[in-house]
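Asks: My questions will all concern the structure given below.
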């Protein structure tokens with residue numbers, strides 16, 4: 001939202017419920033650190049052939065993520081709209097492009113990611129209980145799926161309330177627990193490195209390194225997936241207290257902490273396990289724990305499950321804000337924009353994402369994620385182009401905007417283009433399907449968004465669903481261009497009658513700004 005725009009219902013509500021520095025940093029850390037650090041080290045070594053080059057790849061990916069974070073600090077402080085990449089493309093008028101990527105994210109990417117995280121949580125809990133409570137097939141799969149469903153429902157309910165009441169505080173606790181769990185592995189590895197002198201695997205770190213540019217680029221591509229999610233704050237910028245101060249510290253600090261943790265964990269792995277053991281391992285953390293932690297190794301599945309709780313909570317935050325942002329711009333039905341004014345929770349979007357997540361658990365989610373992997377990096381190419389377009393055309397932005405040196409924008413733009421090209425070479429079929437999904441989104445935009453007026457049946461459906469949503473969830477529509485929206489209402493009926501809507505407070509927006517926020 002630029003400084004001359006009229007605040008929406010959501011903007012007013014968001015000003016009363018905002019996250020402080022520690023909450024924002026916990027979301028960044030928790031959203032990045034997932035199960036990837038327990039899985040990815042093996043494939044990275046398969047591409048690099050040496051511990052030294054593998055560490056260079058991990059550090060390089062941390063620097064790439066940091067450059068991206070710096071660019072997104074400028075975007076977040078310049079455009080105070082929720083929705084991350086979608087909002088930034090809409091801001092410069094590229095609504096067709098924004099819609100094309102948005103529909104894939106709302107219907108497929110976020111639900112598939114959440115479904116995988118929930119299912120993986122259930123699998124690790126069952127694996128951890130296996131020594132004391134063995135479940136035969138198919139009861140093990142039923143129990144795994146039930147645990148996943150229970151977790152995602154509990155976290156969704158948690159997010160139905162104000163972000164600063166439960167969800168952000170819960171995220172801080174989970175993130176601290178997550179870092180303490182990882183510290184066990186790091187401390188164990190460094191104990192063997194420093195006090196027991198296990199240096200044999202690190203004495204010639206670059207011996208036998210792979211010099212193939214293609215293989216090294218694939219190593220970077222794989223490691224960057226373990227850093228994915230650093231842009232989480234841009235999905236809910238209006239919910240950040242003093243973004244000009246909070247976003248830079250939280251983003252740069254969070255990415256730096258994650259990079260340090262990842263490098264330390266890899267050094268720990270490399271101290272105890274040989275490169276061959278890491279390459280051939282499907283659960284490197286479990287193999288590491290069996291050597292160093294003895295009977296405590298049985299706790300590893302529960303540690304990974306703990307990591308997934310924080311990651312899933314962050315995913316729910318992103319997916320719901322992304323859906324809500326699209327609906328408030330009129331790109332999705334009005335009922336999905338409905339928020340609870342007291343808590344600023346996008347309740348309709350949260351429940352919609354919950355339904356989509358449960359639905360995709362009954363399909364091959366791993367293949368679905370492979371198909372839409374192109375979307376994440378492809379969307380960022382257009383986002384970085386939009387940022388440079390804002391600079392070039394001198395498009396007005398928020399007065400609190402932080403302008404970073406243009407070299408960062410150009411460099412990250414080039415990196416994102418490279419990350420789009422790599423899967424075309426390595427995963428051609430999956431990438432072509434991803435491109436097809438984006439093109440399908442462009443067709444849907446032409447069919448549903450270009451006409452000045454939708455068919456009466458869709459208008460009545462939208463109006464009826466909005467009324468039901470408002471009454472059942474105690475919410476209010478949060479349309480950014482409500483007065484201009486002609487496609488969502490007929491000549492003789494509005495989305496909601498005035499007496500059916502709760503009066504909106506328009507004063508004392510920052511009456512409690514001096515209150516200490518987490």
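Note that Cβ sites are derived from N, Cα and C of the backbone, with glycine treated the same way.
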Asks: Looking at 114-137, 330-353, 402-425, I want to know which stretch TrEMBL calls transmembrane segment.
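Replies: Spelled out, TrEMBL records transmembrane segment over residues 402-425, not the other listed ranges.
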Asks: So, taking each listed stretch (170-194, 288-312, 371-390) in turn and counting its Cβ pairs to the transmembrane segment (87-110) that are under 8 angstroms, which one gives the highest count?
Replies: 371-390
Asks: Thinking of Cβ pairs under 8 Å, which stretch from 21-40, 52-75, 214-235 has the most of them with the transmembrane segment (371-390)?
Replies: 52-75
Asks: For the transmembrane segment (170-194), which partner among 214-235, 247-268, 288-312, 402-425 gives the most CB pairs under 8 Å?
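Replies: Most contacts with the transmembrane segment (170-194): 288-312.
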Asks: Which listed range (21-40, 52-75, 214-235, 402-425) shows the maximal number of Cβ pairs under 8 Å with respect to the transmembrane segment (247-268)?
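Replies: Counting Cβ pairs under 8 Å, the winner is 52-75.
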Asks: Can you see whether the transmembrane segment (288-312) and the transmembrane segment (52-75) are touching - at least 3 CB pairs under 8 angstroms, only pairs 6 or more apart in sequence?
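Replies: Output no: the transmembrane segment (288-312) is apart from the transmembrane segment (52-75).
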Asks: Ranking 52-75, 214-235, 402-425 by the number of C-beta pairs under 8 Å to the transmembrane segment (21-40), which range is first?
Replies: 214-235
